[in-house]
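*Asks:* Let me begin by handing over the structure; questions about it come next.
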Amino acid sequence: MARATWPAAGAFVSRWLPPLLLLFLISGCGAVEGERTLAMIKPDGLSGNYTENIKADILGSGFRIIKEIQVQLDAERASLFYAEHSGRSFFDSLIKYITSGPVLAMVLEKPDAIAQWRALIGPTDARKAKTSHPNSIRAMCGLDSEKNCVHGSDSLESAAREISFFFGDADSETVEHDEL
């Protein structure tokens, strides 16, 4: 008699398991988190009143803003954040610029967040972005390769370090990256 119930149980499972599993995943229970990246609106983005437009682009592109904080970096903290650029000719100018006003740091999440955020912000040099990626954030509000309005992590390692720098969520070792 136990064998007679197996076909009925099998039919029940095959009929109801897929919709229940889908409901479980949609509700967020057990769902796989997306990748996380650091997004930073630099002083020129904040002072130019681009914050709401940038956030609208972020949300409109399917990102979730997990955390955000507005801070004023001093020269010491800025030098730590951009430590990998310390030997470059533009370093002093970069530190002066990034400390010229507050920045808004955000943790963004979605699948492939690092690549998706970098695609949304466009090339590092905002002058080039205006031609090659006219709908990018840097084309909208950046001026050049230094004053380019926003920052985006360029790798998983950079994202972990940069998120930790602002939010204390991960190990904070210096990782080389090419993004200003």
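The backbone N, Cα and C atoms fix where each Cβ goes, glycine too.
Keep in mind that this is a model prediction, so the values were computed, not measured.
Feature list, courtesy of TrEMBL:
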{"type": "SIGNAL", "residues": "1-31", "note": "signal peptide"}
{"type": "DOMAIN", "residues": "34-174", "note": "domain 'Nucleoside diphosphate kinase-like'"}
{"type": "BINDING", "residues": "Lys42, Phe90, Arg118, Thr124, Arg138, Asn148", "note": "ATP binding site"}
{"type": "ACT_SITE", "residues": "His151", "note": "active site, pros-phosphohistidine intermediate"}
*Asks:* Cα distance, His151 (active site, pros-phosphohistidine intermediate) to Phe90 (ATP binding site), nearest Å?
*Replies:* 16
*Asks:* Measuring Cα to Cα, tell me the gap between His151 (active site, pros-phosphohistidine intermediate) and Arg138 (ATP binding site) in whole angstrom.
*Replies:* 10
*Asks:* Long-range same-chain neighbours of Lys42 (ATP binding site), Cβ under 8 Å, sequence gap at least 6?
*Replies:* Tyr97, Ile98, Val103, Lys147, Asn148, Cys149, Val150, His151
*Asks:* For each of the binding-site residues (Thr124, Asn148), count the other CB atoms lying within 10 A of its CB, then report the residue with the highest count.
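*Replies:* Per the Cβ count within 10 Å, the most buried is Asn148.
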*Asks:* Can you tell which of the recorded positions (Arg118, Arg138, His151) has the fewest other C-beta atoms within 10 angstroms of its C-beta?
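*Replies:* Per-residue Cβ counts within 10 Å for the recorded positions Arg118, Arg138, His151 bottom out at Arg118.
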*Asks:* What is the number of other Cβ atoms found within 10 Å of the Cβ of Phe90 (ATP binding site)?
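*Replies:* Looking across every protein chain shown, the total is 13.
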*Asks:* Note the mean pLDDT of the domain 'Nucleoside diphosphate kinase-like' (34-174), expressed as a whole number.
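*Replies:* Value for the domain 'Nucleoside diphosphate kinase-like' (34-174), mean pLDDT as a whole number: 93.
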